[in-house]
Amino acid sequence: MRVLALLLAVKAACVLLVSSLTGTGAVNNSGRWWGIVNVASSGNLLTNSKNVQLVLDPSLALLSRRQRKLIRQNPGILHAIAAGLHTAIKECKWQFRNRRWNCPTTHSPNVFGKIVNRGCRETAFVFAITSAGVTHAVARSCSEGAIESCTCDYRRRGPGGPDWHWGGCSDNVEFGRMFGREFVDSSERGRDLRYLTNLHNNEAGRMTVASEMQQECKCHGMSGSCTVRTCWMRLPSFRLVGDYLKDRFDGASRVVYANKGSNRASHRADPRHLEPENPAHKLPSSRDLVYFEKSPNFCSYNGKTGTHGTSGRTCNSSSPALDGCELLCCGRGYKTRMEQVTERCHCTFHWCCHVSCLNCTSTQTVHQCL
């Protein structure tokens, strides 16, 4: 009976999935597709006879009709999207680990909380890093053969220089950009300033990945000589992408709506429709981040804005920077406690092949914001 009940539950879930993939009940809110990161877990994935992934969860209705169609047309791509989101969230948390806003996330469909309903710098970074994460993961999955509809980027072939030529398997960043633009941008609706800034920041994330592609080469020749080299293009590390976007966050441009219409058909933000709030400032480039409202006060909890505050956060009592107790705790002060920490130490490599370590316990001073 339990087996029969399980089979009926699976069948019902599949019916719900088909209904969500073909129905009209799509949710078009900006960023709702981020909920995939909570849906596309290994426990929710099955594979049919054609090796096509099915997600047994009607939460895919979080996607727009266009997004669901793109997943159906590109078998295997759901894993890449989820992986890209995981990477983007991890990078966001690392980049802002010492800031008052430290990229908090939830298990709700709107992963980043209410901050995405605003138009501040933090919102801009979230849209850029998640867009970059999808492009980066899809491009790599193509070259790894994990997506049926794409392969390596073989456009660069033949001679490349006097002692090297193009070859190998380049990461398919063009497919990653194309799919990212179609998938990510299709969740945006409207023709207002929020629509334009979201699309601009989405594109800034994709452009950063594409612009930081790196050439790698392998030598060929007798006895290890490098008579000729075969070269291909490789994706940058996502840490490099995060570092670049963090720099753009610090120098983000506050913009206003130029009221010249919008390029809705191409699903891209036209830079001509965004102008600096300060006429003396230059127009933002395609890789700059843009925002249109001041960031909320992240010092204290505020349910309306979705800010968690900094109470309980660990701070550095000797640092004058943003991670210092004076700035991170917003002048409220901090408490100090002693904590015992156990770490691996005195590690030794043994041939062949394992490493043995001892456990060392030390007492550390921990400062926490009041």
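Placed from the backbone N, Cα and C atoms, the Cβ positions cover glycine too.
Since the structure is predicted, the reported quantities are computational estimates derived from the model, not experimental observations.
Under the heading compositional bias 'Basic and acidic residues', Swiss-Prot lists 267-280. Under the heading disulfide bond, Swiss-Prot lists Cys92-Cys103, Cys142-Cys150, Cys152-Cys169, Cys217-Cys231, Cys219-Cys226, Cys299-Cys330, Cys315-Cys325, Cys329-Cys369, Cys345-Cys360, Cys347-Cys357, Cys352-Cys353. Residues or ranges marked as N-linked glycosylation site in Swiss-Prot (evidence: sequence analysis): Asn28, Asn316, Asn359. Among the features that Swiss-Prot reports, O-palmitoleoyl serine is placed at Ser223, with the record citing similarity to another entry. The feature region 'Disordered' is assigned by Swiss-Prot to 261-282. Marked as signal peptide by Swiss-Prot on the basis of sequence analysis: 1-19.
Mapped onto this structure are the features recorded in Swiss-Prot.
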{"residue": "Cys142", "record": "disulfide bond", "Cβ contacts under 8 Å, 6 or more apart": "Cys150, Thr151, Cys152, Asp153, Asp171, Asn172, Phe175, Gly176"}
{"residue": "Cys217", "record": "disulfide bond", "Cβ contacts under 8 Å, 6 or more apart": "Trp164, Arg229, Thr230, Cys231, Trp232"}
{"residue": "Cys219", "record": "disulfide bond", "Cβ contacts under 8 Å, 6 or more apart": "Ser225, Cys226, Thr227, Val228, Arg229"}
{"residue": "Cys325", "record": "disulfide bond", "Cβ contacts under 8 Å, 6 or more apart": "Cys315, Asn316, Ser317, Ser319, Gly333, Tyr334, His367, Cys369"}
{"residue": "Cys345", "record": "disulfide bond", "Cβ contacts under 8 Å, 6 or more apart": "Cys357, Leu358, Asn359, Cys360"}
{"residue": "Cys353", "record": "disulfide bond", "Cβ contacts under 8 Å, 6 or more apart": "none"}
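By a simple count of nearby Cβ atoms, those within 10 Å, the most crowded of the disulfide-bonded residues Cys330, Cys347 is Cys330.
Considering only the disulfide-bonded residues Cys92, Cys169, Cys299, Cys329, the residue whose Cα is spatially closest to the Cα of Cys352 (disulfide bond) is Cys169. Using Cα positions, the member of the disulfide-bonded residues Cys92, Cys103, Cys169, Cys299 nearest to Cys329 (disulfide bond) is identified as Cys299. Asn316 (N-linked glycosylation site): 16 other CB atoms within 10 A of its CB, across all protein chains. When Cα-Cα distances from Cys169 (disulfide bond) are compared across the disulfide-bonded residues Cys92, Cys103, Cys330, Cys347, the shortest belongs to Cys92. For Cys330 (disulfide bond), the nearest neighbour among the disulfide-bonded residues Cys92, Cys103, Cys347, judged by Cα separation, is Cys103. Same-chain residues at least 6 positions away in sequence with a Cβ under 8 Å from that of Cys103 (disulfide bond) are, in sequence order, Ile89, Cys92, Lys93, Gln95, Phe96, Phe112, Glu122, Val126. Other C-beta atoms found within 10 angstroms of the C-beta of Cys299 (disulfide bond) number 17, with every protein chain shown included. Across the disulfide-bonded residues listed here (Cys169, Cys369), the residue whose Cβ sits among the most other Cβ atoms within 10 Å is Cys369.
Calculated from their C-alpha atoms, the gap between Cys299 (disulfide bond) and Cys347 (disulfide bond) amounts to 41 Å. Counting neighbouring Cβ atoms within 10 Å of each of the disulfide-bonded residues (Cys92, Cys150, Cys152, Cys231, Cys352), the lowest count belongs to Cys352. For the recorded site, Cys357 (disulfide bond), the DSSP three-state label reads strand. According to its DSSP assignment, Cys226 (disulfide bond) is coil.
Once Cβ contacts within 10 Å are tallied over all protein chains shown, the recorded positions Cys226, Cys329, Cys357, Asn359, Cys360 are led by Cys329.
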